[in-house]
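The structure appears right after this line, and notes come after that.
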Amino acid sequence: MALAGPLKVCIVGSGNWGSAVAKIIGHNVKNMKKFASTVNMWVFEENINGRKLTEIINTEHENVKYLPGHKLPENVVALPNLTDAVRDADLLIFVIPHQFIHKVCQEISGKVHKNALGITLIKGIDEGPEGLRLISDIIREKMNIDVSVLMGANIANEVAAEKFCETTIGSKNKNHGLLFKELLQTPNFRITVVEDADTVELCGALKNIVAVAAGFCDGLSCGDNTKAAVIRLGLMEMIAFANVFCKDSVSIATFLESCGVADLITTCYGGRNRKVAEAFVKTGKSIEELEKEMLNGQKLQGPQTSAEVYRILQQKNMVNNFPLFTAVFQICYEGKPVEDVISCLQSHPEHM
């Protein structure tokens, strides 16, 4: 497969993380002949104080709703029409909430040329009749293109502020992974490419469940020792889940990359899932209410992923093997007391 340069890039999504990535790509392509100098970014159109969000981004070069305070390069062009945004794109960067991936892929299927490559930055999983489905699998099936994944300890505002961090690209085709590394790497955004792509992607989804448990601990003022236990036992459940559900062999080394333990730590200390879970305990409000209040209406991935994982575990009759994942689901959706997160640790199979 040979893509003729300069390669056109389209970012499918423009939330907090999508806008931070747009800032990186916009700056990078200016200095590289391999990539086209204009970057399309699909924006779900919204009205902000009577003005269209796309108009604000294209004139003021700032996503004032989802990444305020950070200027986007002028070569990043916001487009409200998804088909227009992806037209003629060689490289597609998927960065939308995971529940919208089916609709987006259906809309652009057949409208992207057959040699295009995708990379998903979406942290979530889906479920089908056979159980677990990865987001990359859905894109691959619906669009018939090769798809890599990027996951890591990457809190969007810190990335946009150009604070140093690492990330992991998982790609079953190493050359495709290296191409995306070339597009995305900066002195402060360092990338490792591995071929264990399914594990990389699962890490990105499952760590959000663990972060919700960490937030519950913070809400209960459990202390750092308990939170460390949540992180360790959460990591053990992530590894066990990957071993059961990944089609290809799982490398434990992948969990030591940025997508694994590093992302888990940063999310359990600094991410939105932790923050909202703590507020859930302290305020008694529902997850939905807190999303509106604290996230500008953006969706929290951790509780949703816990529900999908729970249903998959039920299908396999394995709920009891994953007490931390199960407790998060039951606290979020079944009204179980938050203290159950502690009792699930006390009787965790890791200690038996």
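Each Cβ is built from the backbone N, Cα and C atoms, and glycine gets one as well.
Sequence annotations record features per position, and here Swiss-Prot assigns active site, proton acceptor to Lys207 based on similarity to another entry. Around Lys207 (active site, proton acceptor), the C-beta neighbours below 8 angstroms that are at least 6 residues distant in the chain are Lys123, Gly234, Met238, Asp263, Leu264, Thr267, Cys268.
The NAD(+) binding site annotation in Swiss-Prot covers Gly13, Ser14, Gly15, Asn16, Trp17, Gly18, Ala156, Arg272, Lys299, Gln301, and the record cites similarity to another entry as its basis. Around the Cβ of Trp17 (NAD(+) binding site), a 10 Å sphere holds 23 further Cβ atoms from the protein chains shown.
Feature annotation from Swiss-Prot assigns substrate binding site to Lys123, Arg272, Asn273. Close to Asn273 (substrate binding site) in the fold, though at least 6 residues off in sequence, lie Asn208, Ala211, Val212, Gly215, Thr267, Leu300, Gln301, Gly302, each with a CB less than 8 Å from its CB. In three-state terms derived from DSSP, Asn273 (substrate binding site) belongs to a helical segment.
Per-site Cβ counts within 10 Å over the binding-site residues Lys123, Arg272, Lys299 peak at Lys123. Secondary structure from DSSP puts Lys207 (active site, proton acceptor) in a helix.
Around the Cβ of Gly15 (NAD(+) binding site), the number of neighbouring Cβ atoms within 10 Å comes to 21. Here the binding-site residues are Gly13, Ala156; the one with the fewest Cβ atoms within 10 Å of its Cβ is Ala156. Largest Cα-Cα distance over the residues recorded as binding substrate, namely Lys123, Arg272, Asn273, equals 13 Å. The two recorded residues Trp17 (NAD(+) binding site) and Arg272 (substrate binding site) have their Cα atoms spaced 12 Å from each other.
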